[in-house]
Amino acid sequence: MALPSPVKTSHFEPYPELDPKLPQHSTKGKHVLITGGGSGFGSAITDSFAQSGAANISILGRKESVLLAKKKTTEAQYPGTKVHVLVADLADKLPVDKVVAEAVKSAGPIDILVANAAYLHDVKPFMESDLDDWYKGFDINVKGNFNLIRAFVPHAAPGATVVEVSTVVQFNTVPGYSGYHASKLAQHKLFNYLHDEYPALHVVSMHPGAMKTDMISKLPAEPPFPYTDTALSANFIVWLASPEAKFLDGKLVWSLWDITELKALAKEIEGSSRFTIGMIGWP
């Protein structure tokens, strides 16, 4: 299946220009907060920022044992990076406020926020879905990110970057995915508002592709296109937080897109409606 793309080259595995160890992608001295940063795709994001030299990485999640295990392996492999464990359920406002404030007290203002945590319900049509499971996506993807944003903004470093891990499937109708698509579309709109209401922040959204994580195991069939290496999409997030990607402020992009070819389109992308949501045929 051919994937639509504004560039000629698509990648499914890491490539040299996207290496987080390149000096232009450095996050040396930075404090990065990653939701769901202890496992799955979030674990890969943590690794990529550690490779880029981040001084402090705060990983937020519900399972303390998972977060502590990730802290141990990351600090052993990257001794220049300090990992802070934040245990909270995003849907519960007070604990989120508390752990974010504690992280800032230990590591300083947040330079980069990666909103990665998400929930996919059991893939079933409306009439076969369990309401609590179906609605859990709204609790995490919408309410959880609302709580996250409100906890983050007072502690954001000047010119901080926010990367929303989004999805392009929210724009299509695929039977069985109603709750996931609806909640992810609402989530994306939250970050649109964050971008517009707090213009000092650099806010960008990214679709990471289909990755072999626990979430993908819920799919009833294999995707009709190749899997994306988690390291590629994680490295892409590091790049989005670099000065090179400032032209993508307010945009939704795909991690598969070649960054050299994407940068060549910077003048026509920046300030335009490209890579934003709207209504076909209007205006």
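Don't overthink the numbers, they just go from 1 along the chain as shown.
The backbone N, Cα and C atoms fix where each Cβ goes, glycine too.
Keep in mind it's a predicted model, so treat the numbers as computed, not measured.
Listed in TrEMBL:
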{"type": "REGION", "residues": "1-28", "note": "region 'Disordered'"}
{"type": "DOMAIN", "residues": "30-214", "note": "domain 'Ketoreductase'"}
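For the region 'Disordered' (1-28), the DSSP-based tally of helix, strand and coil residues reads 6 helix, 2 strand, 20 coil.
Each residue in the domain 'Ketoreductase' (30-214) has a pLDDT score, and their mean in this model is 95.
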